[in-house]
Every structure is written in C-alpha cells, then in structure tokens.
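Asker: In case it's useful when we look at the structure, here is the feature table from TrEMBL:
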| type | residues | note |
| --- | --- | --- |
| DOMAIN | 43-292 | domain 'G-protein coupled receptors family 1 profile' |
| TRANSMEM | 27-50 | transmembrane segment |
| TRANSMEM | 62-84 | transmembrane segment |
| TRANSMEM | 104-122 | transmembrane segment |
| TRANSMEM | 142-160 | transmembrane segment |
| TRANSMEM | 200-223 | transmembrane segment |
| TRANSMEM | 244-263 | transmembrane segment |
| TRANSMEM | 275-294 | transmembrane segment |
Amino acid sequence: MVDLRNGSTVAEFILVGFEQSSSSTRALLFALFLALYSLAMAMNGLIIFITWTDPRLNSPMYFFLGHLSFLDVCFITTTIPQMLIHLVVKNHIVSFASCLTQMYLVFGVGVAECILLAFMAYDRYVAICHPLSYAQIMSRQVCVKLVSTAWFFGLINGILLDYMTFRGPFCRDNHIENFFCEAPIVIAISCGDPQFSLKMIFADAIVVLLSPMVLIVISYARILASILGRASSSGRGKTFSTCASHLTVVIFFYTSAMLSYMNPRSTHGPDKDKPFSLLYTIITPMCNPIIYSFRNKEMKGAMVRALGRTSLAQAESI
C-alpha cells in the first residue's frame, strides 16, 4: 500500500463501492447485477447480430441502432465486470493506469453515444419530413461518416477529460467512494484546488450533452409539426411509436448523465453518486434494447427469425 501520511504520490486507488455492505447484501447485489449484465449483453448482442445480418433491416435507422447496441456493450463492459469481482473479493485495489484507462473508455464511449443519439434523431427527421430525398440524404456513406464522427469526437473528448481529471498530483486519500473511477470523485481526492478541473468537466458536459440535446429537440419539434399537419391517423400512430422508442432511450441516457455530471458536487455524496452511476452504467444499456425490441414490430419479427434460425441449426446438428 502507498503510504499517504508522508505525502508520497498515490500509485493505486481503492474502489470502496459496496464494501461497507453486509456479506448477504453483497451476495444479493452480485446476483442482481450479474443477471442485469447478462440480460444487457444478450439483448444488445442479439440486436447487433440481427441489424448486421438481416437484409430486411437494411436501413439507416437499424444501422444506427446496431452501433448504439455496440456502444452499450462497450460501456457496460468497462465497469460492471470489475464491480462484480469486487463484490466477491476483498481486494478492491486498482492501479493508477487501470483507473485512467477505465475513465477514458467511459468518457469516450459515453460521449460517442450522446452524439450518436443526436444523429439518430436527425435520421428520423429526414425520414419523416423529407421522405422523397431520404435515400439520397442518408446514404450508406453518410451513415458511416456520422458513426465515425461520433466515435472520433468521443475518443478525442476522452483524452481531454482524462487529462483534466488526472492533471493534478494525488498525495492524500486514495479511496474512491464508488464502484468505478468516476471523474468528479477522483478529482475531489486530488491534491491542490480541484475547482478548475471540475469547472472544465462541467463546461464539457454542457457541450457534449446539451449540443446534441438541442439537435434532438429541434428534430422532434419539426417531426411533430410535420406529422400533425399532414399524416393520417394510422400514419401518426406508427410514426409516434417509432419516435417514442428513440425518445425514451434519449430521456433515460441524458437524464442519468446530467444528474451525474451537471449537478453541483456539493449536492452529491456516496449514497447519491452510486444510484446515478448505476442508472447510466447498467440500467440504461439494459433498457435500450428492451425499449426498441418491444416497441418495434420489425425488430420483433427479426428477433423471431433469428431465434428460429438458431433453433433450426441446433436441431440439424443433433
């Protein structure tokens, strides 16, 4: 262990997580989070498979949905497996490099998902408000460029936020009051004045959260005006159903992210940070595929076909 009393630089951190919970509580949490993680991985994996292999889902909306599920898989894998291990072992130490890498991946994938959700809203706007030009505007090349843009800005933004988090030395406490390395908590235990880094992360959150949010609001405002003005009752119902799935995902993700990174740190504490963190690290990635699969007839049909092909292949192999 690093001796913190003599001012030595911290080389490792201790993730407190659910350490103070009883053994029975930790066992219950392990079973719960393992079930949620398995469900999220299975559902997102199925969506990735069917959107990339089913020719009937060969449209920009499902292209984006497949990449959203891939981002969700990456997102939950950066935090949940480590938390599950820490629920059953006593050693909660993580190295400085591991903490930095985990935070970079959380930032990079999280920002990429924010941007991708905005592009998905724009896709719905073009499909509904400019249907005759949809194939030309949202061509395969354009979709690939949009997804690449989301990844590029996410990974670049991750470098900036990692630097702002770890720019100061760590020579005091090395206990992180959460189950993964979350930036505001890590900054709070660094030496020196953390206000500059916290302000920069808050400003970055405004840009990467509110800018895509503005595009989403504008897109759906125009969609609403368009369908109320010209669509039939049946057409309105189908359009509302498709858009409602995406809007539900947006509300889940953005609400949890804003609660974590745009609230004053004075209103936070270990008991408040953990629920917010759990909401956007596992609950949202688990809810995304459920929302899309249960509210979309084409997705349900594709899932039935995929599961049917799997069952047939297993029967033939026996």
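Heads up, the Cβ atoms here are built off N, Cα and C, so glycines get one too.
All annotation found in TrEMBL is predicted automatically rather than curated by experts.
Buried or exposed, and what's around them? Tell me for each listed feature.
Answerer: Taken as a whole, the domain 'G-protein coupled receptors family 1 profile' (43-292) shows an average pLDDT of 82 in this prediction.
Only residues 6 or more beyond the boundaries of the transmembrane segment (200-223), in the same chain, are considered here, and those with a CB under 8 A from a CB of the stretch are 111, 114-115, 117-118, 121-122, 124-125, 128-129, 153, 157, 160-161, 164-165, 183-184, 187, 239, 243, 247, 250, 254, 257-258, 261-262.
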Asker: With Cβ-Cβ distances below 8 Å as the criterion, list the same-chain residues six or more beyond the ends of the transmembrane segment (275-294) that contact it, or say none.
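Answerer: That would be 33, 36-37, 39-40, 43-44, 46-47, 65, 68-69, 72-73, 75-76, 79-80, 106, 110, 178-180, 182, 245, 248-249, 252-253, 256-257, 259-260, 300, 303.
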Asker: For the transmembrane segment (104-122), what are the same-chain contacts with Cβ under 8 Å, counting residues 6+ beyond its ends?
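Answerer: Long-range Cβ neighbours of the transmembrane segment (104-122): 61, 64-65, 67-68, 71-72, 74-75, 78-79, 146-147, 149-151, 153-155, 157-159, 161-162, 180-183, 208-209, 211-213, 215-216, 219-220, 246, 249-250, 253-254, 257, 280-281.
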